[in-house]
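Visitor: One structure follows; several queries about it will come next.
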Amino acid sequence: MGNSSKRKKEKAKDFQKPKLKVGKTKAKPDNYTDTTFKSKSIVLTQQSLHLAAPTSNATFTHNLSLLAAKSDTQRRDSLAYLTTTISSRPVNSPLPQPVSVILPSLLPLILDASANVRTQLLKLLKTLPEGDVEDHVGQLLPYVRAGMTHLAADIRSSAVDILSWMVEAAGESTVSCAGGWIKTLNCFLSVLGWHTDESARWSSSRASFGKAGSQGKPMVKTLGALSEFLEAGIGKPAVKDVEMSDDETSWPYPLCQTEHHMISESSTPFAYLNLSGQPRDEEGEMYETREDRFRVFSSRFHPAMERGLKSAREEGGELGRASSSVTKVLKEAIAYGAGP
Amino acid sequence: MLTQMRFEGPTYNIRSRRTPSKLPARHLFALRINANHSSALLRSYIEDFRAQHYQYESHREIFMAAPSSATDTGLISLRDLIDFISHVSDCYPDICKDFPQQLIDMLMQHHLVLETELREKLVGSLVLLKKKDIIDSERLLHTLFPILVSTPSKTLRALLFQKILSELRTANSKTTNHKLNRTMQTVLFNLVTSDRTSAKGLWAIKITRELWKRQIWTEAKAVEVMKEAALSENEKVVVGGVRFFLGGDKEREELEDESSDDEVNVGQVKHQLTINKKTRKKARAAEKAIKSARNKEKKKGQPNVMLNFSALHLLHDPQGFSENMFFKHLQNGKSKLNLEQKLLVLQLVSRLVGLHQLHIMPLYSYFQKFLTPRQPSVTSFLASLAQATHDLVPPDVLEPLVQKIANEFVSEASAGQVATAGLNAIREICVRQPLAMDETLLQDLVMYKKSKDKGVMMASKGLLSLYRDVGAQMLKKRDRGKEAAMSLRAGERSERRFGEQAVGQIEGLELLARYKDEERRKKNIEKGLPSDAEDDEDNEEDNWDAWNVEDDSDDDVDGEWINVEDDADINLSDSDDEGKSRPSKKTKQEGEEQKDGEKSKAEEEIDFLKLATTRILTPADLAKLAELRAEAAAEATLPGNKGRVAAPWTSRHTDDPLTANEIEGLAALSAAKATREERIAHAKEGQTDRSEHKSKEARKKERKEQEGKSTTNKEKARKHKPFLMSLGKAKSKNKRSLKDVSRALKAHHDRGKRGGKRGNLGTTVGPSR
């Protein structure tokens, strides 16, 4: 029958042996899967195993890289390691890595979601030498400001903590770096909710945005930080100036100006020229002298500040007490006026 | 909180922009509440918004310090912040006044290093800001366009191109935004002209072509951009520009046809609405359909809404342009174009020459070296040569070319296809400039009408019939034909001189004249006057009424109906130009042959000339004229009239290009080249549709099947029951006794009386199912 012979043929086809030919490569089987691939680079995820223990420097670098890890416990642990390494190093010995290397990986952690990481971060920051921090305030401040206006109240409060540490460690450069004065004050007003007439009233829900923090009394803390910040910015200048004026009288003419002809102490003496950066607007400008800062403050922030302080005072309690410290700083600054 | 705020701002905004009249009462109430509280609402959120704005500002600062680094810091990314702020920025204009500029800066300065998602978000936000009227479209385009030109990323280019196009389209949707168009065209023009060697001009071409296709740009300035592109140094740009001139208008027409095709049947939509489930979506669809139908109705009334000139006509200084093209891309030895590209350029140049009757003398000698059968794509060259010919080209320039074509292509030894191409090319040249032919050559070529190859024979006959028309005295006496010979003898035909211009006329006017004449006669007969009495123009009012195209008569009919007489008795004759003298068939049927027979041709010519010179053609007249012309054209394609259609050169519009296919002629259809389907299609071309002769039932069934509708149970039974199933019953039926048969018959009869199996009685009450 035609049909069955056809079937037979088909069946026979299934079990045919492939012909092998001399000099030719063997034919690939039907179910052969092509596993070759092309890639520009191949990353081998392999542990580097050594017999010798890694040097402390290497572990430091390794932990620094672990700061970007996914799990927050890992980040916290790395931070803790870095903190102990820095704090336990011999006195006056340099850091295992310069601050300029450490800082970029620390900065995003200011906005970290985990509270433990942030507290650990603050501890680490406090161990850094103050002189080094001074040069990197400009890098720190945008992150701190982003933290201060963050939706999560916890992050806001820890950002305020970091800011108060910064003011403590490098007050002058904090208030005088680019954008350090106006933008930060704006953030303060926004955290406190003192921007507009209406929102400063006690009846309105102040600091309403975001979830309420788990750590209590954020307002009190913020007010404390504000008073420190204002003190650093427009507080009465230190007595050093008076001594300087004494020197001026004591030295004759050319020698009294020696200081101006020396190499500047700060690392970026010409930062105010902004030679290679983005053009700055009024808010992002550097306000290096107390007069400038006071002028800006009295024209922009004074009324809002007064209004806010008044309502805080009226509220009384701990908040009222905290506000009084700010009021005191403010009074002194106004009493001192625009400058000598 | 962020999500909450996201919704708060925009919802208010959307509601306030709607007009109250379209909203139901419930919404109206909500609207009123919103109107009262809107400002308060916004003010109460201002602190939160300000905080978000500061957040954005600081993130932006962080980003600007290192644009290429990842933006995913903490809980919120810069991308989300930008998204949020751009959505609500119109609610807080004073806080966000710098926002657009910041986005623009970010995009312009860092588009090379930005993360793709952020980049797309920036583009999208800018477009959103434009939609909210925070920035104007000029600013948007000035931002997007430079990036489009400079970015190496393909996805970004695609996105930007699409955004730019849609922006230009929306800007021109209500009224033409001349200012924007002008600036954009200037930008494109500068792009093309500033650096002629770069391929950046392609973007200008792409945009211009797209907008031209959509009829958004129809001005000379857009054509100017393309002209500059065609004169560029970069091959791609050149080809882009040339292709635009060669195909842009066709593309435009096709798009227009397409858009007019997809109309919705309003009746059907309404009917479906009554049957189907009523949803808001369907209601909206129906509303849209009705609206579009209404718009279309409105458009119908307006005369020539879309009167757009083709790009070739809008060219400023075509002579200079085509000379430049010729010397730069064709004659120039350093030109980098390959043959295909050169052919395109040549097509454009020759088209311009033919259309505008330009003079580029070196062009014809340029052709000389390409006219051999071995030249690749020689038919395109031949077509270009024919296109470049017009009746102001000196014959002595063309004569050597014609001679060369005849020598190279047309001989007994050459293949049929080659000879066909040559003959067709010669014919096309001579259609445009009959004086290019010399007498002995013509007589020689005409001899090929006896060729065995069908293509050659047809081509030769084409040439013959052409010269019967334009220069019969050059033909041998026996080739002239009756018509031409008689008119030659009567001395009606004079030899055409070089540069002689024919008297201008309106195409199809004789049809109108005849129609009018007929109408008048009918009216006269109604009045009882002699049929040829002069109409003394007394019915002036009627004329004024008939000034416009009357619209009420066929409003419900979609499209124009052309009256095609399918049973027209065929009037065969050899002469080509009898269209003028041949009276319309209708007149004969109505038995009014007493006039038409005697009416001499000369008389009628005067008649329609009189119509053109003494009357102003009203829009109604012009509409009628168009209708008559369409009718005549449709009639000409009927199978019986093949003899008369044989002269394709008479029907060609000057704007239409001559293609290589036409030069190849029948060879293109010969057995070797055409597929079976093509041949069948060609054979069927003139035939009418046979399906018309089907029975009513069959046609109905076919239609139902086509629409996907179901059949009746009866039909199903007929179709699907296998005969084996009914075989047993049929057999047993034959074996029944006489008694059984009579019983069955009786039962059938009774059943019929009762009104079927169920009976008529039960229907009023009906069994409960």
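Counting starts with 1 at the first residue shown.
Glycine too: its Cβ is placed from the backbone N, Cα and C atoms.
Just so it is clear, the model here is predicted, and its values are computed rather than measured.
Annotation source TrEMBL lists compositional bias 'Basic and acidic residues' at B:490-499, B:587-603, B:674-715. Summarising the annotation, TrEMBL assigns compositional bias 'Acidic residues' to B:532-577. Summarising the annotation, TrEMBL assigns compositional bias 'Basic residues' to B:745-757. The domain 'SDA1 N-terminal' feature in TrEMBL is assigned to B:84-452. What TrEMBL lists as domain 'SDA1 middle' is B:561-686. Per TrEMBL, domain 'SDA1 C-terminal' is recorded for B:709-755. The region 'Disordered' annotation in TrEMBL covers B:481-500, B:525-604, B:634-657, B:674-769.
So that I understand the layout, could you describe where these features sit and how close they are to other parts?
Guide: Residues of the same chain lying 6 or more positions beyond the ends of the compositional bias 'Basic and acidic residues' (B:490-499) and with a Cβ under 8 Å from any Cβ of it are 391-392, 394-395, 434-435, 470-473, 484.
Shown for the compositional bias 'Basic and acidic residues' (B:674-715): DSSP residue counts in helix, strand and coil, namely 27 helix, 0 strand, 15 coil.
Within the compositional bias 'Basic residues' (B:745-757), the DSSP-based counts of helix, strand and coil residues read 10 helix, 0 strand, 3 coil.
Computed over the domain 'SDA1 C-terminal' (B:709-755), the whole-number mean pLDDT of the model equals 84.
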Visitor: Determine how many residues of the region 'Disordered' (B:481-500) DSSP places in helix, in strand and in coil.
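Guide: Final tally across the stretch: 9 helix, 0 strand, 11 coil.
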